[in-house]
Amino acid sequence: MMDAWWPALIFSAGYNTTLVTLGAMLLGAGAGMIGAFVLLRKRSLVSDAITHATLPGLAMAFVLIGAIQGDGRWLPGLLLGAALSAALGLWLVQWISARTRLGEDAAIGAVLSTFFAFGVVLITVIQSMNVTGQSGLTGYLVGSTAGMLAVEAKLIASCALGLLLAVFILRREFLLVCFDPEFAQTQGVNTGRVDLLLLLLLMAVVVIGLKVTGLILVVALTITPPVSARFWTNRPPRMVALAAVLGALAAYLGVTLSSARASLPTGSLIVLSAFAIFLMSFLAAPRRGVFASLLAHQRFRRRVHLRQGLLSMSRNEPIFDGLTLRLLRRAGHIRRDGVATAQGRAAAREAEHEERLWALYRRLYPGDALHREHAGLDPIARVLPPDAIDELEQRLLASGGRA
Amino acid sequence: MSDFMMFSLVPMTVAIIISMTCALLGNFLVLRRQSLISDAISHVALPGIVASFLLTGTIASTAMMLGAGVSALVTVAMIDAIRRFGRVEISAAMGVTFTSLFALGVLLLEVSQASGVHIDVQHALYGNLESLIWFEGVGLSSLVDPAALATLPPQLARVGVVALVVLVFVVVFRRHLILGSFDSEFAASIRARPALVDLLLVTMVAVAAIAAFEAVGSIIVIAMFICPAAAARLMTNHLGKQLAWSQLFALISAVVGYWLAGYGLIALGLDMSLSAAGMIATVAGLILLVTCLWGPQRRGRAVLANA
């Protein structure tokens, strides 16, 4: 397995494989970029509708081309047909959700299933026709890169390159509209037109991706890499760039893996690679990842326990909680038998004092206290400026130490 | 006539039952704006079925339905985990989940086919309504002949049971379903357990999708969840009437669609038939298109404001 995978990984498994790999990577990058904008617009599943809506156009183009030249396989014509019916589906989704009271979810579901169904009907028409190349048509369902001709690979690669360039040129308008549509409008950007452009590019990605991952899986290329990228950064420009990189990486891994053995479906492997990248991001990303959140939660819990333990010590209350006792012991505030050390007594007094300052602060400035995250748990000197603390100390003294 | 009994009676009945069952549940999905959960669940029926085949080694229907059911629950759990722990928007979480699971299904299928096993991807996607032939259905007399009735395709009984279960669910939980569909916060405040009802609804959608999967395929079944209910939503503001409309639309789609697929082109003088499942979904989509253009309540609030 490995010795078959390695040549593909370093682009030395033959001209055609290299071409397909590069084409798929460009496509993955373009899909990732556009998908990132679509994700920011919260319309990820629109691509699901577009994808399924390509089938009837594909089938009709096949019938038409087949009627003219006897063989339905002619990629540019098929892609044009797919694009036309995808555009119709896209327009219907927009129209239904804008003009009727149905939500966008119902519009997407209705369009994707009805178009796909009509495509299936057309495929049964084709099956009873006398046209060659029918088996090539089913390749569009789950993708078929293995049997791709060099001409087709070149077409896909150059389309993907053009697409990538288009997104790169339009990135400012897209970012503006995705980030703050109202502000964009005040800057003279036509939001509706930018949205339309975005969806048209999304449609182009889907149509070009048909041959690589197949009709049903191309939607993953536009959703999974952007969602993964979102875990690593909060800044939209970086997220878009990262989504492009992750999309290309998923395509690279998927295509090379599938070329290692004959029966491996490329589309599925690209999607599963994208999912593996997603899973890593989901678990391990700093700040937004699951591990990071769990760690942050643990740290917070320990701080609460430690503080409550010290407060109990200063009030001479018995402590029963196991975690609290463990934390106090580890910090050297109490001995093994539970008696407070000198250091512990000092820390307890400090905690008590701090708690009083915080209580006073909360009473004097309830509005400000609300805005401070974990107010009362952080050391007050790190949160408030020295003069504010001085003022609090004065008031505390004046009230006789009672907050 | 005997041709009809043998080749068309069972598929048509199955199509009618499935369409009406899915449409009934679809009403609540459309009201809750959760239509796309049926999309996610229908796509993952494939990996579920392939996985259960690889595990049990049989293509027995019970094992497959169980596999598909488990995969549906896994999907719902995955979507929820990604949404909650990753703070990802729900539609994106759905997209990540169902595409990955579907890809896994295709991969498993290809790998297992390499070792000489046959499950057809195309049938999984398009369904195969036409294969439900009742060989003993030679005439009207077969309907009262126990021996002939015993040879009815088992899918008929299966979709019948599923339809009954779904019907009982909707009748028993009707108040909870309605409450949860219109105001889930109010439902929670009066302890109507909206989360539990949500989960039950999703489970019912999975059960119906799986029963339909075998006959009409995984993607076309989405049309039956969404189109009749959405069309009904544009006909009336009254939930009871909406349910009735959705049932009527589902019935019309199944009957007209099946007839067009089987006899439409023959009536035109061409000797060929089309995908019945595809035609049924297409008719459902056309009905929705008509209600979008002329349905009396298509505008919702705007119409109320003018009234």
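Cβ from N, Cα, C; glycine included.
Same-chain residues lying 6 or more positions outside the transmembrane segment (A:20-40) and placing a CB less than 8 Å from one of its CB atoms are 8, 11, 46-47, 145, 148, 153-154, 156-157, 160-161, 163-164, 167-168, 171, 174-175, 178-179, 198, 201-202, 205, 208-209, 212, 218, 221-223, 225-227, 229-230, 236, 239-241, 243-252, 254-256, 259, 266, 270. If you look up TrEMBL, you'll see A:20-40 (among others) marked as transmembrane segment.
What TrEMBL records for A:49-68 (among others) is transmembrane segment. If you look at the transmembrane segment (A:49-68), the same-chain residues 6 or more away from its ends with a CB under 8 A from one of its CBs are 74, 77-78, 80-86, 88-90, 93, 107-109, 111-113, 115-116, 118-120, 122-123, 125-126, 129, 131-133, 137, 140, 199, 202-203, 206-207, 210, 215-216, 218-219.
Per TrEMBL, transmembrane segment is recorded for A:74-93 (among others).
Same-chain residues lying 6 or more positions outside the transmembrane segment (A:105-126) and placing a CB less than 8 Å from one of its CB atoms are 45-46, 48-49, 51-53, 55-56, 58-60, 62-63, 66, 72, 85, 89, 92-93, 96-97, 134, 137. If you look up TrEMBL, you'll see A:105-126 (among others) marked as transmembrane segment.
According to TrEMBL, the transmembrane segment annotation covers A:146-170 (among others).
As annotated by TrEMBL, transmembrane segment applies to A:196-219 (among others). Using a Cβ-Cβ cut-off under 8 Å and counting only residues 6 or more beyond its ends in the same chain, the transmembrane segment (A:196-219) has close neighbours at 20, 23-24, 27, 30-31, 34-35, 37-38, 41, 46-48, 50-52, 54-55, 58, 75, 79, 82-83, 86-87, 90, 139-145, 148, 152, 156, 159-160, 163, 166-167, 170, 173-174, 177, 251, 266-268, 270-271.
According to TrEMBL, the transmembrane segment annotation covers A:239-257 (among others).
When Cβ-Cβ distances below 8 Å are used as the criterion, the transmembrane segment (A:264-285) is approached by residues 24, 28, 142-146, 212-214, 217-218, 220-221, 224-225, 227-229, 231-232, 246-247, 249-251, 253-255, 257-258, 291-292 of the same chain, each at least six residues removed from its ends. Residues or ranges marked as transmembrane segment in TrEMBL: A:264-285 (among others).
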